[in-house]
Structure formats: structure tokens, C-alpha cells
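A.B. asks: Let me begin by handing over the structure; questions about it come next.
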Ligand SMILES: O=c1ccn([C@@H]2O[C@H](COP(=O)(O)O)[C@@H](O)[C@H]2O)c(=O)[nH]1
């Protein structure tokens with residue numbers, strides 16, 4: 001698929017501990033965000049009933065980044081199935097067996113055609129080459145992303161979480177099939193915060209992202225609805 005033909009969607013990360021705040025943000029980005037993302041901070045603080053309440057009928061990206069032994073991850077996937085997420089994350093460094101266990105659990109626990117996209121986190125967008133070296137990986141982020149991406153796709157994953165910097169290399173290596181989801185997105189001039197491998201929405205779309213994930217540049221803006229609309233317009237331009 002050519003990059004100009006690709007439609008890149010916006011996922012908004014609702015990172016808060018407060019259900020009322022999450023609901024307000026979800027409402028503010030209604031019609032602009034294709035998917036809302038709830039992750040560890042919200043689920044641990046507010047609980048899974050609150051996850052279900054905030055999501056309601058909205059497409060839900062449940063970003064729990066599962067990483068444990070295969071039996072535990074498989075059981076966790078089954079335990080989450082009542083939430084009917086559209087997307088679910090796990091860490092590729094958990095290994096092939098762990099990812100295959102997650103896929104098997106999905107196939108068993110979800111009705112036909114309703115299982116979530118399983119997205120393998122490659123190298124967190126908050127990490128650079130130095131951070132990788134600190135955890136014992138001598139290769140650069142791009143090499144490590146490509147290595148884990150190959151393992152993830154061979155283990156039944158539907159797509160990958162990566163930074164926009166790796167998109168072109170991933171498309172060259174893996175083609176159009178993987179769903180590529182990129183956090184670490186910053187509109188021009190926005191603060192990077194703890195993110196290291198960042199790109200703008202337009203750059204990520206041009207590089208081949210299926211979805212971009214944006215949190216603080218929207219949720220911490222004076223007008224979250226306007227900030228989300230501006231990013232959606234940048235993606236559509
Ligand atoms: O590599 C990763 C994987 C997940 N995330 C998540 O995306 C959002 C980004 O939020 P911002 O406020 O736009 O930085 C956040 O929920 C992370 O948990 C990521 O950033 N990088």
C-alpha cells in the first residue's frame with residue numbers, strides 16, 4: 001500500500017486515575033479519536049469495572065503490556081475477555097511461547113471475529129540506544145525492534161507497538177500486514193516529556209503508521225477537544 005493511500009487513525013491515551021476525568025476526555029475526543037486507550041495507571045487505580053464504564057460502546061485499546069510466563073499471560077487474556085477490547089498489548093520480550101499462549105487464549109475466549117488485535121510492544125518509545133544498553137541489549141533500537149517484530153509476527157501477533165522511527169524499516173521487512181501502532185507522537189513544538197523516539201503526526205503517517213497514540217499533548221492541553229481535532233486534521237491533510 002502506498003503511504004498516501006494509507007489512512008492513519010488517532011488513538012487517545014486517557015492516562016488518569018480518575019474515572020470522571022477519563023469519561024470527560026473520552027467525550028471530548030468523540031468522533032475524532034477512532035479508539036480510546038486505557039492502560040495500567042487507570043486500570044490499577046480505578047479498576048476494571050471503571051474501564052468498562054469509560055469505554056462503554058467505544059472501541060477500546062487495553063494497554064496492559066502483559067509480560068509473564070505463558071500460562072499466566074494466557075489466563076490473564078481469558079480473564080480480560082469480558083471487556084471485549086479492540087486491541088490488547090503484551091511485551092514481545094516475553095518470548096515466542098508467551099505470545100503464542102496469548103494468541104491461543106484469544107482464539108479460545110473470544111467469539112469468532114471478535115478477538116482483539118494482539119499488539120506486541122517492541123522497544124518502548126521512552127528508550128534510546130543508551131537505555132537498551134543498560135538492560136544488556138548491545139544493538140541499537142532499530143535492530144532490536146526489527147528482531148522482536150519478526151519474532152512477534154511468527155508468534156501469531158497481529159501487529160506491533162513501535163516508534164515512528166522504525167516504521168519504514170518494518171514495512172520493508174514485513175509488508176502491509178502488521179498493524180503498526182506508534183506512541184511517542186508529538187505535534188511540532190510539543191514537549192517530549194519522557195519520550196525519546198518521537199515524530200509528529202504527519203511524519204508518522206508518511207512513514208506508514210496505521211494508528212498513532214497521543215496522550216498528554218491532548219489531555220494536558222487547555223482544550224483537549226481542539227488539540228485532538230488539530231491532530232486529526234494533520235493526519236487528514
Ligand atoms: O512504547 C510505548 C508503548 C506505550 N506507550 C503508551 O502510549 C501513551 C503515550 O502517551 P503520551 O502522553 O503521548 O506520551 C502512554 O499511555 C504510554 O503508556 C508509549 O508511550 N510507548
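Including glycine, each Cβ sits where the backbone N, Cα and C put it.
Features from TrEMBL:
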DOMAIN    9-231  domain 'Orotidine 5'-phosphate decarboxylase'
BINDING   15, 37, 63-72, 125, 186, 195, 215-216  substrate binding site
ACT_SITE  63  active site, for OMPdecase activity
ACT_SITE  65  active site, for OMPdecase activity
ACT_SITE  65  active site, proton donor
ACT_SITE  68  active site, for OMPdecase activity
A.B. asks: Here are the recorded positions: 15, 63, 68. Which has the lowest count of other Cβ atoms within 10 Å?
C.D. replies: 68
A.B. asks: Quick one: of the recorded positions 64, 65, 67, 68, 70, flag those whose CB is under 6 Å from ligand 1, and say none if nothing qualifies.
C.D. replies: none
A.B. asks: Can you tell which of the active-site residues 63, 65, 68 lies nearest to residue 15 (substrate binding site) in space, using Cα positions?
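C.D. replies: So, of the listed active-site residues, the one sitting closest to residue 15 (substrate binding site) is 63.
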A.B. asks: Which residues in the same chain, at least 6 apart in sequence, have a Cβ under 8 Å from the Cβ of residue 125 (substrate binding site)?
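C.D. replies: For residue 125 (substrate binding site), the qualifying residues are 162, 163, 182, 183, 184, 195, 196, 197, 198.
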A.B. asks: Using Cβ atoms only, which residues of the same chain lie under 8 Å from residue 65 (active site, for OMPdecase activity) while being at least 6 residues apart in sequence?
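C.D. replies: Spatial neighbours, sequence-distant, of residue 65 (active site, for OMPdecase activity): 39, 40, 89, 90, 91, 121.
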A.B. asks: Give me the CA-CA distance between residue 68 (active site, for OMPdecase activity) and residue 215 (substrate binding site), in Å, as a whole number.
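C.D. replies: With distance taken Cα to Cα, residue 215 (substrate binding site) is 26 Å from residue 68 (active site, for OMPdecase activity).
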A.B. asks: At the Cα level, what's the spacing in Å between residue 215 (substrate binding site) and residue 63 (active site, for OMPdecase activity), rounded?
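C.D. replies: That comes out at 13 Å between the alpha carbons.
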A.B. asks: Tell me, roughly as an integer, the mean pLDDT over the domain 'Orotidine 5'-phosphate decarboxylase' (9-231).
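C.D. replies: In the predicted model, the domain 'Orotidine 5'-phosphate decarboxylase' (9-231) has a mean pLDDT of 98.
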A.B. asks: Distance check, please: Cα of residue 70 (substrate binding site) against Cα of residue 63 (active site, for OMPdecase activity), rounded to an integer number of angstrom.
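C.D. replies: Between the Cα atoms of residue 70 (substrate binding site) and residue 63 (active site, for OMPdecase activity), the distance comes to 18 Å.
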A.B. asks: Sorted by position, what residues of the same chain at least six away from residue 64 (substrate binding site) have a C-beta under 8 A from it?
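C.D. replies: Residue 64 (substrate binding site) has long-range Cβ partners 39, 40, 43, 76, 80, 88, 89, 90.
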A.B. asks: Counting every protein chain present, what is the number of Cβ atoms, excluding its own, within 10 Å of the Cβ of residue 215 (substrate binding site)?
C.D. replies: 20
A.B. asks: Count the Cβ atoms, other than its own, that fall within 10 Å of the Cβ of residue 70 (substrate binding site), considering every protein chain shown.
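C.D. replies: Its Cβ has 18 other Cβ atoms within 10 Å.
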A.B. asks: Can you tell me the three-state DSSP label for residue 65 (active site, for OMPdecase activity)?
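C.D. replies: The residue in question, residue 65 (active site, for OMPdecase activity), is strand (DSSP, three-state).
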